[in-house]
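*Asks:* What TrEMBL shows for this protein is this:
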REPEAT    181-215  repeat 'PPR'
REPEAT    309-344  repeat 'PPR'
REPEAT    345-379  repeat 'PPR'
REPEAT    380-414  repeat 'PPR'
REPEAT    481-516  repeat 'PPR'
REPEAT    517-551  repeat 'PPR'
Amino acid sequence: QIEITIKNLQRLIEDKKVELKDIETFPEITNLLIKQLIELEINNGMKSIMWIYDRFGDDSDYNVLTHESKGLIIRELLKYKLREKAVMIMQKMLIDDNYIPESSLIHELIDNLGRRSNNGYSNMNMMDKAEYYFNLMIEENKITPTIEIFTTLINHHLRLLNIERSEQFFNEVIESNIQPDIATFSTLLKGYLNAGDTVRALQIHDMMRKYEIIPNRTYITHLMKVYIQNKDFEQAEKVYTMIEQPTTSRATSSSSQQVNSDLIKSNIKSLTFHLKTLLQETRDKNYAYELYKKYLEKFDNYELKFTPDTYFFTIFISSFAQQFLDVSLAVELFEEMKRRDIKPSIVTYTILIDGFALKGQVDEAVEYFERMKQDSINPNIYTYTSLIKAWIQVRRIDKVKEVYNEMISKNIKPVSATLRALQKIRRGDLIDQTPKSQKEAHYWGGKLWVSKDVETIDRLFQSFLLSVSNSFSNNDDYKPNVKTFRYFINCYLFKYENLTKALQVFQEMVKLNIKPDYLIYCCFIKGCCMLGQVEKSDSILEIMKSQNISPNDYIYINLIKGWKKIRRKDKCEELHKALMKFKREKEKY
């Protein structure tokens with residue numbers, strides 16, 4: 001019936017628009033219709049709502065919609081992730097001096113804009129607009145800010161590593177006598193953790209304790225990571241014991257019921273998460289083994305109200321087999337697991353096989369591959385990849401083909417890890433562990449794309465250098481990946497067009513004895529030419545040649561374009577000859 005009403009209304013409006021505005025009850029009918037469309041969630045309801053707004057909203061000659069209806073439309077737009085339209089309607093509503101917005105609507109708007117989206121840049125711009133109007137409304141006393149709104153704004157600036165601005169908002173919270181809640185402290189703790197500032201993170205923790213706020217799952221997780229980042233494993237262990245200890249603290253939050261429901265409960269899932277976090281950071285095999293024995297003893301003495309499971313054993317097996325390359329210890333845990341009638345998973349078997357592959361123990365890898373089949377577990381792509389790696393280590397190409405063909409016959413497609421392993425055959429290299437630095441390169445790269453100013457990149461780079469120096473000072477085997485430096489160089493060159501900053505990154509890389517790769521030189525040459533500073537490319541070329549890296553056609557073409565812009569015909573001719581020579585040698589090769 002509502003759909004028929006909409007169609008009839010559309011026809012009526014198109015025919016009698018002028019007369020309708022004089023009907024006293026028409027605004028009431030229109031607003032009621034919007035409510036019905038939202039409540040009933042009919043097909044194309046949003047389309048009908050926007051049709052009504054376009055004809056009777058802020059930009060029309062017949063602005064009869066109430067603020068309440070426009071608020072409902074904003075909420076509906078946010079539900080459909082139409083954020084730009086929602087912000088536009090809110091902006092027009094705020095022009096009206098008589099409009100006093102609901103705090104809940106402002107919070108919902110800011111909260112939605114603060115969430116991650118596929119189009120990060122436009123989202124950041126809208127968030128800036130929302131923040132501007134939020135500050136304006138506070139100045140005009142139109143709204144009373146809530147802790148939820150402040151927390152969203154703090155989170156937004158922490159994501160950009162804009163620590164100073166986020167602290168300004170937090171200080172406003174304290175000065176306004178607004179009670180921070182667990183979400184606020186969790187947001188701050190995570191922000192300082194990501195920025196590498198564990199000192200400030202622990203200060204925030206001390207402050208939270210003074211407020212007697214009950215920690216929840218998220219907060220405990222971040223706090224453990226802070227201590228682990230400081231290599232304070234003993235304190236991280238103590239944090240975990242907070243899970244099992246009941247507390248009489250009060251939850252100072254407007255949503256205390258929700259906070260209490262999110263309290264960490266001591267169970268096998270929370271325990272294994274805690275242990276996995278510790279194992280990822282430690283470089284001490286003895287500590288890892290003692291940790292395993294300690295918790296196994298706790299299980300046996302019934303100190304814990306749950307029993308060990310497959311995942312508990314698997315995380316330790318992974319640590320010994322893949323991190324410490326001690327497969328004998330991994331097998332010891334595997335046999336203990338079987339003795340307790342805990343069935344290994346495909347992940348457990350794959351990790352063991354991969355451990356044998358890294359050690360070149362192909363017979364053992366095959367043995368556990370067959371044992372897995374006997375346990376009625378079908379190998380997946382990662383199991384096959386691990387077995388392929390084992391045969392590659394002993395140069396048995398015939399066996400590699402046999403395993404690969406078996407995998408393909410079962411319709412299992414290779415992944416990048418499989419292809420990387422197969423490439424080792426051609427190069428004759430042995431397969432090593434995937435370095436931790438490779439994972440961290442993606443971590444820093446992921447942060448760079450959301451940056452909105454060069455100062456944010458500066459802070460990110462300083463945090464990265466701090467993490468590198470901390471790793472070296474702790475005798476870590478960590479070595480920063482050249483890819484991470486390339487991400488920063490690319491960002492400075494092509495996003496912010498700042499050659500000076502990019503060169504500073506290059507200098508820091510050289511100080512750390514990280515050898516620049518070919519792609520970094522390509523970036524610099526293109527950047528110099530693009531930014532009209534082609535003269536500086538000469539020094540880049542000299543450094544490149546000193547490392548026995550020869551320019552290719554990509555570099556020559558960019559250099560020719562760069563010198564052509566400033567009409568250096570002599571340079572263009574010189575480079576063109578070099579390019580032709582390179583192409584002839586390439587064809588000959």
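Glycine is no exception: its Cβ is also placed from the backbone N, Cα and C atoms.
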*Asks:* Who are the long-range neighbours of the repeat 'PPR' (345-379) in its own chain, taking Cβ under 8 Å and residues 6 or more past its ends?
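*Replies:* For the repeat 'PPR' (345-379), the nonlocal Cβ contacts are 310-311, 313-314, 317-318, 320-322, 325, 327, 330-331, 334, 337, 386-387, 389-391, 393-394, 396, 430-433.
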*Asks:* Sort out the residues at least 6 away from either end of the repeat 'PPR' (380-414), same chain, that have Cβ-Cβ distances under 8 Å to it, and list them.
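*Replies:* Residues packing against the repeat 'PPR' (380-414) from afar: 346, 349-350, 353-354, 356-358, 360-362, 365-366, 369, 372, 421-422, 424-425, 430-431.
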*Asks:* What parts of the chain pack near the repeat 'PPR' (517-551), using Cβ distances under 8 Å and only residues at least 6 beyond its ends?
*Replies:* 482, 485-486, 489-490, 493-494, 497, 499, 502, 506, 558-559, 561-563, 565-566, 578, 582
*Asks:* I'd like to know the mean pLDDT over the repeat 'PPR' (517-551).
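*Replies:* A mean pLDDT of 85 is what the predicted model shows over the repeat 'PPR' (517-551).
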